[in-house]
Amino acid sequence: MDNWTAALLTGVACIVGYLVVRVKKINSLRQAEEKIQRARNRRDESLQRAEQAVLRYKQSHPTTDSAFILTLSLSELTQQLNEGLLRPEDVLYSYMEKTLAVNKKLNCCTEILLESLDQLTTVGSNKDGLLYGVPVSIKENITFKNHDCSCGVVINLDQPAEKDSVLVQVLKKQGAIPFVRTNLPQALLNYDCSNPIYGQTVNPHNPQKTSGGSSGGEGALIGGGGSLLGIGTDIGGSIRIPASFCGICGFKPTAGRLSHCFIFRMKLVPSSPGPMARDVDSLALCMQALLCDHMFSLDPTVPPLPFNMEIYRSSRPLRIGYLESDGYTHPSPSMARGVREVKALLEQAGHTLVPYCPLKMDQIFPELLIKGFLADGATTLLQKLEGGPVDPCLEPQVFPYGFPKWLKKTISFLLKPVFPRVSANFDALCGVGSVPELWKQHAAVEDYIQETIAHWRSCNIDVLLCPVTGPAYNFLYCGKLSTAASYTLLYNLLNFPAGVVTVSTVTKKDEEELKHYKGCYQDMWDKLFKEAVTGGEGLPVAVQCVALPWQDELCLRFMKEVEQLVKESKK
């Protein structure tokens, strides 16, 4: 009887334990669903109220020429606002109306900032600002008073920020009007643009393609004409990839040049906020506006280096390094063609072009980049995702993160003879393992930076021309292809300023050449990359411009040179 009683009690305890765990799980999912619904309701309410405000304004101001306002470049717009030829009210409502229309097609906005309507009454006090009266879009992870910075993660909902980030404060001081927040991928560590709260953002040039990420909402909104200046963030290409996919310009400054304005950061692979716009002059004007005494006083950790207009406007011939392939991810035909065509234009303009090759890409990608992002074996990321659904675009990426270390090591061992690149990356998912190993990791990154700078100087180059990931992917491939971001990730690791300029579109010939694409390793990732970019005819093609740390103005000057030469070649 004692044995039967013990067995019965054990069985009951197991059943009760299972039921408790199950009830907690169900309750957690219910709470997550309620949080998601509240966030969606807030978004819908802001969109509805904005539509009503726009309608009222149009009825009371029937002569406002919104179509004309939307055609102006940022420099033209600021000039007309400063001269009193346009009013901030006309500009804001024109862009708000356009944003609402673009969002219906692309799902790129997480909410309209209705505070922007109130800001119209006080914006006149900042009339001397470089961005007076300019509507600006803001990525959702940038802290904004009384609003969540969810990063697409349920656990971060219902935690509104207590104050504006320094960059938002500076934008307002310069007369800008932040009026909309834009979508991003779940947890940011993905270059698609989808999350379980706000859904999938699509590409303005083809709704069957992704807008890229993580600043994909910004890329889609600006590319679709709903904003002429936005602020994104970049930790592995998160400004540059959506700029490439959506056919706009984007700039990642040297990390530390601008105040850190968002809640996600790491040391080994530094992140940076930066501007996104239709042209390079807009990026430069935004940087000039942000690099001001007001920012330096609000954030004393930022070096007080004002924007150097003399370097930006310089016309001296440059020595330019260039590469078509980094040797790790073979470029798509359009990526390589974009570099070749720009190289030819630069040579015709009197610049000197020098072949360049990044160092040790096969080693540094798993050992420094993957381990840099996932130093803790992805423990923190997985904790952030608990209590809510995982988005389909992120699922294939995070699925192996949860494997026990012994299983990751075993899979890595088994794959090594057949797929060495996949094997090395699987091993890197284990993280660094210990604090002493983390210190070694920091030292290895510093050594690599110094080695790269020495290599750069041995080539005697001023700047670098290279491909950027593209064209825009088909859906659900970004989470399977972290390696394909090697062209952008490298310059976060090095902390080199880098920007993207759109130079062409995918041709029928590019698509034909893609059919013969083999890749560098001819493994599963090369095959997936080919599938991801297939069907891209007519989509934007971009190139990437890079400079040494703190030479942000030189990088922008190089981007402007590329933009101007491409524009002249099309006349």
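Each residue, glycine too, has its Cβ placed from N, Cα and C.
Annotated coiled coil per TrEMBL: 22-56, in sequence order.
The feature domain 'Amidase' is assigned by TrEMBL to 91-556.
Marked as active site, charge relay system by TrEMBL: Lys139 (among others). Lys139 (active site, charge relay system): 28 other CB atoms within 10 A of its CB, across all protein chains.
Summarising the annotation, TrEMBL assigns substrate binding site to Leu188, Ser214, Ile235, Gly236, Gly237, Ser238. The number of other Cβ atoms within 10 Å of the Cβ belonging to Leu188 (substrate binding site), over all protein chains shown, comes to 27.
The active site, charge relay system feature in TrEMBL is assigned to Ser214 (among others).
According to TrEMBL, the active site, acyl-ester intermediate annotation covers Ser238. Close to Ser238 (substrate binding site) in the fold, though at least 6 residues off in sequence, lie Leu188, Tyr191, Gly213, Ser214, Ser215, Gly232, Ser271, each with a CB less than 8 Å from its CB.
Other Cβ atoms within 10 Å of the Cβ of Ser214 (substrate binding site), summed over all protein chains shown, number 37. Confidence across the domain 'Amidase' (91-556), taken as the mean pLDDT and rounded to a whole number, stands at 96. Least packed by the Cβ count within 10 Å, out of the binding-site residues Gly236, Gly237, is Gly236. Rounded to a whole number, the C-alpha distance linking Gly236 (substrate binding site) with Lys139 (active site, charge relay system) is 16 angstrom.
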